[in-house]
Every structure is written in structure tokens, then in C-alpha cells.
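Database features (TrEMBL):
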- B:84, B:85, B:86, B:114, B:128, B:132, B:281, B:285, B:286: L-histidine binding site (BINDING)
- B:24-352: domain 'Aminoacyl-transfer RNA synthetases class-II family profile' (DOMAIN)
- B:114-241: domain 'Integrase catalytic' (DOMAIN)
């Protein structure tokens with residue numbers, strides 16, 4: 001016999017076993033349902049894109065992250081694996097927007113790949129789950145993004161979240177009024193480090209890297225540090241710009257106010273949305289609304305759903321201007337958080353079915369599958385154990401996998417048209433007529449697990 | 001302004017626009033639901049595996065098909081993209097089966113990549129959708145596979161299918177009784193060409209390639225050509241082996257008989273399952289049941305769901321013997337077939353939502369989102385148009401995308417607590433109280449589209 005091949009995964013890649021995959025599919029299905037409920041439509045793009053599409057203008061960080069792909073018979077790589085779903089969407093939009101028309105609302109879900117150093121909870125393959133509206137600058141779309149996030153976490157049964165919103169328009173306005181609008185890039189890069197290195201070091205870095213005065217840096221920082229209730233923050237900022245007549249800032253404030261008003265009207269609970277002017281994220285990309293979503297019971301894990309408004313999605317590929325706004329759910333980070341929070345979806349069960357029909361007699365297989373079909377037709381996922389092993393072994397199998405109910409039927413049950421139903425959680429067994437089985441099981445499953 | 005990058009996809013790869021993606025997601029969700037209803041559990045494995053895992057013993061066809069992947073900073077490729085979901089499952093099983101225990105029933109869905117020449121309907125990236133039971137040789141599992149396929153096509157609303165089943169055990173039995181069991185590989189390779197090159201050429205090839213006599217070849221062919229009802233075929237084959245006492249053939253016949261009996265008992269319609277001894281597929285792999293699924297209204301497109309029983313899934317990676325049986329739905333081929341058959345799921349709609357709320361007045365956005373929420377809470381996906389464009393443009397948008405219903409509400413509707421509901425198919429408009437909107441819409445959607 002020849003040597004065995006070690007069945008390992010490549011470093012930074014991983015398998016999803018059933019106990020993780022079951023809640024993961026539930027998360028994806030929940031996101032899909034929520035996105036669809038708002039009229040976002042699915043699209044899909046290939047895992048691999050040509051390198052020039054992926055790397056864009058090149059020379060940036062992404063170049064080092066992108067996995068190269070070549071056919072076995074090719075000499076050189078001409079394509080690479082996508083590192084996010086935004087670049088492929090930009091390429092897709094440039095190619096297809098004339099057919100699709102605007103506004104265009106899409107969601108996309110799938111794996112992305114980054115050749116980064118793997119580590120605790122950091123993998124080279126992970127899923128993204130994005131939704132975007134392009135082709136309109138309407139604040140209705142910004143507002144909707146936040147409503148989607150709110151509904152998403154309600155549907156995920158994680159209501160204790162805080163959606164922190166900000167607008168790049170406000171900071172831009174301040175920079176304009178200070179005459180340092182051209183320093184936005186290095187200033188925001190420094191501001192992004194506020195939590196990590198503290199205000200003094202941020203000011204030092206702004207002076208050093210952006211070439212602004214300490215006073216200018218302090219004012220940028222003061223804006224970011226504006227705190228209090230949403231009303232407090234909006235009042236403070238409105239006062240700050242009262243005498244300045246800065247269009248950008250006025251717009252930003254108005255849009256956030258409208259967003260809060262519509263959200264309140266639509267029943268988003270008080271406190272769910274929080275204006276946080278310190279949020280800086282992804283400077284080169286975002287131009288208006290920006291947001292991050294934190295779990296109140298596990299804020300340290302970072303934002304689990306982020307996004308914002310951008311001026312022009314597809315400018316690398318088309319002259320058509322495609323403004324957009326959207327968000328991205330970090331599926332794998334969320335899953336890790338749910339594990340830590342002992343979320344009820346992570347039951348540890350390794351079966352998606354609730355009922356196991358035990359096999360007492362191979363000659364009764366037709367009966368067992370008939371019983372199973374009755375249950376399946378009633379919407380109850382049901383497995384028939386494939387072998388006539390000892391009942392103890394079959395029960396062990398059922399319990400290890402997390403089946404809730406066992407159904408037992410031998411010759412005497414067949415003769416009387418009954419089955420035994422065993423509640424594997426409560427360890428209780430009852431005999432019921434076959435015609436009543438589905439109703440009995442449904443009632444048991446509606447009870448506590 | 002710098003030069004634009006052409007937004008093309010790589011040759012052999014494609015985008016899925018909403019009109020295709022909506023039915024595709026429905027197919028995947030249907031398969032997922034059916035697999036789960038039988039107790040198959042989801043797993044996922046990485047897109048990329050190490051080359052030694054992927055290529056196995058090497059030197060075969062797959063080597064030429066596998067896309068090589070390397071990190072930007074790596075010199076050499078050490079991994080490749082999976083070309084099916086079976087090799088990764090074998091690797092997964094070898095790695096994890098001791099934790100998971102047997103029997104183990106899994107499904108997996110995802111893209112696979114093959115560096116083949118692309119062509120009409122042939123892509124280098126396509127989806128597979130597999131389900132398998134490993135760790136048992138029970139005929140209950142073989143039978144279940146066929147039941148799953150039957151339920152799958154019922155759920156896909158394609159009842160006019162024929163599931164053609166065969167058993168490699170029967171042919172093996174014949175070869176044993178003829179003393180040419182060691183010629184199975186070249187014989188089956190020739191037999192597989194029966195439809196293409198005809199019986200005379202197949203016999204010639206068997207004589208030439210397998211080194212059997214013309215009489216032996218004729219007997220192999222005669223078995224494959226046995227035709228008639230399932231009862232006819234089983235009777236003919238039983239008679240053929242009546243005096244021979246061949247365990248393999250007897251087993252194969254018994255297992256097929258049992259499969260048919262259980263299927264009939266479980267309500268699989270007469271004629272859905274057809275014994276077809278000419279099915280030869282994947283010789284090196286399958287050892288028992290083999291099956292293919294044909295669409296009665298489009299047989300020429302080939303099998304849309306195939307599979308069978310194999311002796312030992314993971315022998316390349318572990319000494320543990322893991323017999324299994326399973327099937328694979330060809331999602332993209334099925335989608336192509338559904339398009340050709342004008343299947344009702346392919347409506348051409350590019351929205352997953354049914355209702356569009358038109359925007360008459362930006363100040364009423366809160367009201368619009370409130371109305372939308374009422375509908376969403378009732379399970380009706382609803383989009384709010386983001387801009388206050390002319391109503392004609394908004395209706396155009398709704399009709400182009402396939403919205404079924406438009407909701408219109410301006411100042412006068414707000415004042416009276418009503419909304420206008422427009423059936424975009426029937427071109428009829430009614431005014432209803434807001435409190436009754438969800439019920440009215442549900443009723444309209446239940447009607448013909």
C-alpha cells in the first residue's frame with residue numbers, strides 16, 4: 001500500500017464542521033432574508049478576476065495580499081483571487097450598469113482571500129456579506145442602510161448593538177473652514193489611532209505627518225471627541241458651524257438629523273443609533289455617512305458590520321459616476337462573537353434535523369421512510385438511522401448529534417398502527433397513533449429544548 | 001485622468017446578474033432544505049487545498065485541470081483550487097471522522113474550478129451541490145439517496161424526471177462469472193461510449209483494448225442492453241445468474257429490488273425510477289449503486305443529478321475504511337435546462353421584492369419606511385424608491401425590475417390614513433386604509449402574476 005497523504009488544510013485555511021456550519025448558514029440566510037426584504041437583489045461574481053482589475057492602480061497594500069492564480073498549462077498568472085467583494089462589484093457595475101439601470105441595489109455573499117499572516121481568529125479565507133445601493137446620492141439610501149443594519153441584528157437575535165454613525169462631510173467641513181482640506185488623508189490616518197495611542201500622540205503625529213499646527217490638530221480632535229446624547233452632539237456641531245456657512249458640514253449635519261428622525265419614526269429603539277464623530281474609517285474610500293456596529297456585550301471584538309457612502313464606486317473602470325452607500329457584515333467575526341456570547345443559535349448540535357427514526361428491523365425500512373415522509377411533509381426534518389444496530393448505539397448517535405426526538409417502531413407498533421415517541425431531552429416516551437405523530441412531534445419541538 | 005481598466009471577466013468565468021441569480025439562489029435553497037429534511041448536515045471546506053491533497057497519486061487528468069495558487073510573496077505554488085467537492089470531503093473525512101463519528105451524512109455547496117477549454121454553457125467556475133452518507137454499507141442509505149433525488153426534483157417543481165439506476169455489482173458479477181473481472185476498467189470505458197459510437201464499435205474496442213473475446217464482449221453488451229420494465233429487467237438478470245451463484249450479482253439485484261420496494265412504499269411515483277443497466281459512469285470510483293437523472297422534457301442536456309456508492313472515500317488519506325454513497329446536483333446545468341424549459345421560477349424579475357413604495361415627497365420618508373416596515377413585518381419584501389423622481393420614471397423602474405405592486409402615498413393619503421395600491425400586472429389601482437395594506441397586498445400577491 002502506498003504512503004498516505006496527510007489530510008491537512010493549508011495554513012490560514014480551515015474546515016467548517018457541522019456544529020459551526022449550522023449557525024453560519026443560519027446567519028447567512030438571515031442576512032439574505034433581511035437584504036431581500038428591503039429589495040436588495042443578489043448578484044455573484046467569480047472568485048478570480050484579472051490581475052489588472054484586482055490591483056487597480058497598483059502599488060498599494062492590496063498587491064501584497066492578492067493570491068495569484070494560473071492554469072496548469074499557463075506560464076504566468078494573469079488572475080488573482082478577490083480580496084473583497086467591493087472591487088468585483090465595481091467591475092461588475094462598470095460592465096453591466098447600463099443594462100441594469102440605476103438606482104441599483106445589490107447584495108453579495110461569498111468568500112474572499114487575503115495572503116495575510118494567519119493568527120488567532122484570523123484566516124486567509126473568510127466570508128463577506130455586503131449590500132449596497134448605487135446610482136443615487138439620496139439620503140434615503142443612507143438612512144436605509146442603517147435601517148437594514150438594525151433589522152439585521154434584530155433578526156440575528158442580537159438586539160444589544162450600537163450602530164455608531166458619523167459623516168465625513170462634517171469633518172471635511174471643519175478641515176475646509178480651517179483651510180487644511182488637502183490634509184484630510186494623513187489627518188484621518190492619525191485620528192483613526194485615537195483609541196490606541198491617545199490624544200497627545202495623535203496631535204503630535206498630525207503636526208508631524210500632516211504639517212498642520214498644534215491648534216488645528218486640537219480642533220480636529222475636539223470635533224472627534226464631541227460627546228453626549230445625539231441631540232447634544234448635533235447641537236454642539238451646529239453651533240460650531242453656525243457662523244461659518246460651510247455647505248459640506250451643513251449637509252452632513254442635516255443628513256444625520258434626517259437619518260435619526262426617519263429611524264425613530266420607523267421604530268428603531270432609542271439608543272440603538274449613536275452619533276460618534278470619532279469614527280474615521282477607510283478615508284480614501286468614504287465621502288459621506290460612515291458607520292460601525294458594536295455588540296454592547298462584547299465591544300472589544302470590534303465592529304461586526306461597517307460601511308458608508310462613497311462618491312464613485314467604479315471610477316477605475318468607467319467614466320460613468322456611480323455614487324453609492326452600503327455595508328458589510330463580518331460573518332466570521334460575528335460567529336466568533338456569538339460563540340463567546342453563548343448565543344442560543346450555537347447549540348452545538350451537529351444535525352439540522354430534529355427527529356431520528358431508529359431502525360429496529362431492516363424489513364421495515366419502507367415503513368420507516370413512510371413515517372419520515374409524513375414528518376418531512378409537515379416541515380419536520382427527519383433522519384432514518386441506516387443500520388439495525390443496537391438501540392443503545394442508535395440513541396447514543398442521536399444524543400451526540402443533538403437530535404431532540406427519537407421515533408421507535410417495531411412489529412408490535414406496526415400491528416397496532418402506533419409509534420413510540422421519545423423526547424430525548426426530557427427522557428420521556430409516549431406511544432401515539434401514526435396519524436397523530438406529526439402533531440405530537442410539532443408540539444414537543446415547540447417546547448423548551 | 002488616468003486610463004480606464006477594462007471591466008471584463010476572465011475567459012471562462014462569468015457574472016451572475018440578478019435575473020439569473022434569483023432562481024439560482026432558489027435552487028440552492030431548495031436543495032439545502034431537501035438535504036436537511038433528510039438529516040444531511042452542512043460542512044464547508046476551503047476553496048484551496050494543498051497540491052498533494054488535490055492531486056492525490058498524481059499523474060492523472062486532474063493534474064492538468066487544477067488551477068495553481070500562490071501568495072504574492074511566495075515563490076512557488078503549494079496549493080490549488082478544488083476541482084470538485086469530493087476530494088475535499090475525502091480529506092475532511094480523513095481528518096475529522098473520529099470526532100464526527102459514523103454514519104456521517106453531509107451536504108456541501110460551493111464553486112469548483114477547472115482549467116478546461118471554456119465553451120457554450122461550459123465555464124471554468126461552476127457550482128456543485130453534493131450530499132453523501134459515509135461510514136455505512138447499508139442499502140438503506142443507497143435507497144435514501146434515490147428518495148432524496150425524487151424529493152429534490154419535486155421541490156424544484158420539475159416532477160418530469162427519470163432517475164436511472166444501476167448497480168456495478170451486477171456487471172461485476174457478470175465479469176466474474178466470465179472470468180474477466182480484471183478487465184473491468186477498459187470494459188466500462190468502452191461501454192460508456194455505447195450511445196456515442198454504437199454496439200459494433202464498442203465490441204471491437206472491448207476486444208482490442210480489454211483483450212476479451214468477441215463473445216465475452218457481446219455478453220457484457222447484452223447485459224447493458226437488457227430492457228423493459230423494471231420487473232422485466234430484474235427477471236431477465238435474475239434468470240441470467242440463476243445457475244451461477246455469484247454473490248456480487250445476487251447482492252446487486254437484491255439491493256435494487258429493495259430500493260424499488262421502499263421507494264414505492266414511500267410514494268415515489270411509478271416510472272420515476274428506472275433500472276438502466278447501460279449506465280456505467282465513473283468506473284474507478286463507484287462500486288455499487290450508480291444513478292443519473294434525466295429531464296423527460298430535455299433529456300439531451302444530460303444528467304442533472306448523478307452519483308452512486310463507493311467502497312472507500314478517503315483511502316488516500318487514512319487507513320480507516322469509509323464506504324459511502326451520495327449524489328451531486330449540477331446546479332448550472334439545471335439552471336440552463338430550466339431556462340430552456342421556461343420554468344416558472346425564471347420570471348426574468350431582477351428584484352426579490354414584490355412591492356415598491358414610490359417616493360412622492362422626501363419629507364414623508366419616515367412614513368414610507370414605516371409603511372414598508374409594516375409590509376416587511378408581514379413577510380412581504382418591500383423597497384422604498386430612494387429619490388423623488390417623476391412618478392412615470394419610478395413606475396418604469398418598478399416594471400423593468402418586475403415589481404408586482406406599487407404603493408403611492410402623498411399628502412392627501414397621509415391626511416386620510418390611506419395609501420393607493422397599484423397592481424402593476426393588472427394595471428389596477430385601489431385606495432385602502434393603511435391598517436389594511438398588508439392584507440390587501442398579500443391577497444394580490446396570492447393571485448396570478
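Even glycines carry a Cβ here, placed using N, Cα and C.
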By DSSP, how many residues in the domain 'Integrase catalytic' (B:114-241) are helix, how many strand, and how many coil? 77 helix, 19 strand, 32 coil
Predicted model, mean pLDDT over the domain 'Aminoacyl-transfer RNA synthetases class-II family profile' (B:24-352): 94
Secondary structure at residue B:286 (L-histidine binding site), reduced by DSSP to three states: strand
For residue B:86 (L-histidine binding site), what residues in its own chain, 6 or more apart in sequence, show a Cβ-Cβ distance under 8 Å? B:130, B:313
Cβ-Cβ distance under 8 Å to residue B:281 (L-histidine binding site), same chain, at least six residues away: B:192, B:290, B:292, B:306, B:308
Within 10 A of the CB of residue B:286 (L-histidine binding site), the number of other CB atoms across every chain shown is 23
Measure between the Cα atoms of every pair in B:84, B:85, B:86, B:114, B:128, B:132, B:281, B:285, B:286, the residues the record assigns to L-histidine, and report the largest value in Å, rounded to a whole number. 22
In chain order, residues whose C-beta lies under 8 angstroms from the C-beta of residue B:84 (L-histidine binding site), counting only those at least six residues away in the same chain, are B:112, B:128
Taking the Cβ of residue B:128 (L-histidine binding site) as centre, how many other Cβ atoms lie within 10 Å? 19
